[in-house]
Structures are given as C-alpha cells and as structure tokens.
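Peer 1: Below, the features straight out of TrEMBL:
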type: COMPBIAS; residues: 122-132; note: compositional bias 'Acidic residues'
type: DOMAIN; residues: 152-266; note: domain 'MacB-like periplasmic core'
type: DOMAIN; residues: 327-401; note: domain 'ABC3 transporter permease C-terminal'
type: REGION; residues: 115-139; note: region 'Disordered'
type: TRANSMEM; residues: 326-346; note: transmembrane segment
type: TRANSMEM; residues: 366-387; note: transmembrane segment
type: TRANSMEM; residues: 458-480; note: transmembrane segment
Amino acid sequence: MNFLKRAMLSISKKKIKSLILFVVLLIIANMVLVGLSIQTATKKSTELAREKLGSDVTLKINEQKFMEQRRNNKEEGLSNRPSLTTDIADTLKDNEHVTQYNYISSGFGLAKNFENVKSEESSDDTTSEEGEEKPRGMFKMAGSNSTTMPEISFSGTIATNLLSDFKNGDSKITEGRGITKDDAGKNVAVIEKNLAKENSLKVGSKIQVASVDENTTLELEVVGIYEANSDESTNDNRNMDFLNPYNKIYMPYDVVSKVSTGDNTNSKNITSAVYFMDNADNIESFKEYAKNKKIDLETYTLDANDQLYTQMVGPIENVGSFSKTLVATVSIAGAMILVLIIALSLKDRKYEIGVLLSLGESKFKVISQLVVEVLLVASIAFATSAFTGNLAANKIGDSLLANEIKVTESSSTQENQNFGGRGPMVVGPGRMNRNAIKNADVVKDMDVSITSKDLEKLAGIGLLIVIASAAIPTISVLRFSPKTILSKRE
C-alpha cells in the first residue's frame, strides 16, 4: 500500500485527532485571510483617497520653517520672509509627468473707483448688542508693514480654468471669459457678479485697484464676470470685507504680484506653483526630481495635499499596520502550535512507524505520509476559510476601523480646542488654511472582501506553515530504529 493511501486511511480512522487538527488549521487560515484581505482593502482605500485629492503637487514657501525662524528672530518680523519666483518654479515645469502647470499669486488691496461688497457684519463694529466691547485682534499683512485694512482680495493665475474653484464648479464664468495664458502681463480682470451688480459694472468696464499702501494703482479692464459659491467663506471671513468671496478679483499672476506688493519690479514673485501630474502614482518620483533640480526643500515645500491625505487615511493605515502584525503573529504562533500537535501525534504513533520501517518502508515515505496527512486536512481547512474568512474579515475590519476613527476624532477634537484662543492675525499669500484641514473627510469605510490574490497568498503562507510545522517534528523519524521501537513495546 503506498503512503498516499495510508495517509487517507489514517485521517479517516483517527477522526477526533483529524478534527482537532482541522479546527486549528481553520482558525489559522481564517486569521491569516482576515489580515490579508484587510491589507488589500487598505491599499485600495488609500489609492482611492489619493485619487480623490487629485494628482497635483504644489510648490510653496515652507510656512512652518518660516514661523520657526520668525519665533527665533522676533526683531525681523515678516520682513525676512522668503520669496518664491517664477525662475524657481520654471525648473520643474518640464518634468515628463507634468501635463499642465499654474502659477498663483494672491494678495489684497483697495477699491479706488468702485465700492466693495460690504460684509454681513462690519469688521469695524467692535461692540456687541449688549454694549460690551468685542475682542479686537491685531491685523497685519504678510510681507508688508502696513496695518491698513484691505477692501478686496486678488487672485492671480495663468488661467482661471486651472484653478480648483473653477474646475470643481464652485465658481463659474457667467459673462465674458476667464483669464487665459495670453493675458500674461495685461491689466485685465474677472470680477464676481455681486460686485459687478453693486457697481453697475459689465464686461468692458474699467476699474481701478491699489495696493494697501496706495503706492501702486492699476486700471483694469473687466473681461469676465463669474459667480462664486456663497458658502465658500466662513462666518469669520464674512466679518471682513476683503475675505468676502464677492470681493475676490482674478487677474494674471504677474499683475497681482505688482499691485499687491506695491512694487512694479516684483512681477516674478508668486505665492505658489501647481503642477498637474499625469498620474497620482508619479507624485513621489516628481518630488525626487525636484530634489535633483536643487530645489531647497527647507525653504520651500512640495505639497500633494499630504496633510489632508494623512488625515483621511490615518485610521485605515493603522488598521493595515495591525493586519500585517496579525498575519506575522498568527503564522508564527500557528506553526508552533502545529509543531506541538504533530509532535504529540508522533509519540502515539511510534509503534506504527516501527512496523512500517521493519516491513522495509523507507523513512522518506514515512515522513511523506505524515506530511501528506497534514496537507490533506489543511487543504480542506483552507478551502473552508474562503467562505468563513470573508464574514470574519468584514466584521473585524469594520470593528478595527471604527475604533481607529473614534481615536482620530477624539484627537482632532482636542486639537480644535487648543486652537480656541485668538491671537494676532496674519493674512496674506501662503497663509495656512485650517478650515480645509479640519473639513477633510476621514475615510470611514473600506470594502473588505477576499480576492483571488488573497487566496493565492493564503495558499503560499499556509503551505509554508504546514510543511515547516510537519517537517520539524517528523525529522525525528530519521533517528527511529524499528528494532528498538518494537523491542520497547509492552
């Protein structure tokens, strides 16, 4: 009788031991499959999150580094702020993965021959309805020593259709046209429809704007009128006229640089440069490209919505990390348990092995029989886990993710409480958008399902576990002597 038949007969004869082995292997297979399927789901969710955030990379001043330097050199204030120029930004625009790019300038100024749209609550009103004095914060423009309150805001661009507000539909051109690449250096503007209505302006009208210090005044031709999403600003922003979205004027980026700084020679300065990648997968290689181009990544930073991405995928990445630990732990612990079970089984089967050896069966075939027995039970257990593992993976995955989200939201609440106090207010190009970070949607669900690749990995891991755990104790068969075994039998 060959060893394969003996293996099958042994399994059917020793039902209790085979059942125990089956249960142990089923638990191991389920836990490994849970870990593998959660890893796959985590990878898919992070890829979807990256796609949701887009494949653009923004080159801008490293605000965190600048603020640290500012704290260390209080006397220098804002005067030592680094600048980002088009010469620096141009070094990255020819990368093979860049499909389009946009240079953005932002700033604030004064309305000369027209009236801005007044906010719902005047920022000059410093008393409450009860007559109590409202807290008044300091106001200072970034990059300027002026403390004059601006009236309007400027947004400079190569083309308005490259701006996220126009791409996602939050803003749309209703009359005329938007800013285009051909408008570079031209004194043209696109204004909001409420500003146009309040001042009876139309396409072709001329408006005058000035820098906050009034050193520079420009006359602009209105080439387009757009409609802004009225929900764009927060209540805090609406308390200040210049932060009201109705008072935002779009112009070519180099024109904004001139008027917002009050320096006609400063047209090369920009707030940021946005590079649109052909694929989100190429973002990291683009960052490496920037390093090779000697971009000072201490003074500047390349941001692919990294902070929002981290906030969105933080919980699922923690779950993914746990699943990797789960697979490794279960594999090692499972192998050790199987070694113990098989070793105990061999102790009870010494006489059987001695008889087989005395009948001339080779030790290799005896060992093969023992390994095949475990493999046969394992194959049934692993096949069963393909059905039971899916249910377990969903429940465990949802439970782990819910727990991580709870921890993340608790941390976010604490951080928001820490931001509660009001301090000196600094606004201007490159200011931190805390609302954008706060409003990022954390990934709260992931599709945990078993894929064919997960089953292939399970088969590979399971095969290694079974062979290793069966081979280690069965090697002791090589030391068995049939004469010694049979002579010791009582």
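Glycine too: its Cβ is placed from the backbone N, Cα and C atoms.
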Peer 1: Same chain, outside the transmembrane segment (326-346) by at least 6, Cβ under 8 Å from its Cβ: which residues?
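Peer 2: Hits for the transmembrane segment (326-346): 17, 20-21, 24-25, 27-28, 31-32, 34-36, 38-39, 353, 370, 374, 461, 464-466, 468-470, 472-474, 476-477.
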Peer 1: How many of the residues that make up the domain 'MacB-like periplasmic core' (152-266) does DSSP mark as helix, as strand and as coil?
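Peer 2: Across the domain 'MacB-like periplasmic core' (152-266), the residues distribute as 35 helix, 40 strand, 40 coil.
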Peer 1: So what pLDDT does the domain 'ABC3 transporter permease C-terminal' (327-401) average out to?
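Peer 2: Average per-residue pLDDT within the domain 'ABC3 transporter permease C-terminal' (327-401): 78.
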Peer 1: Please count the residues of the domain 'ABC3 transporter permease C-terminal' (327-401) that DSSP assigns to helix (H, G, I), strand (E, B) and coil.
Peer 2: 70 helix, 0 strand, 5 coil
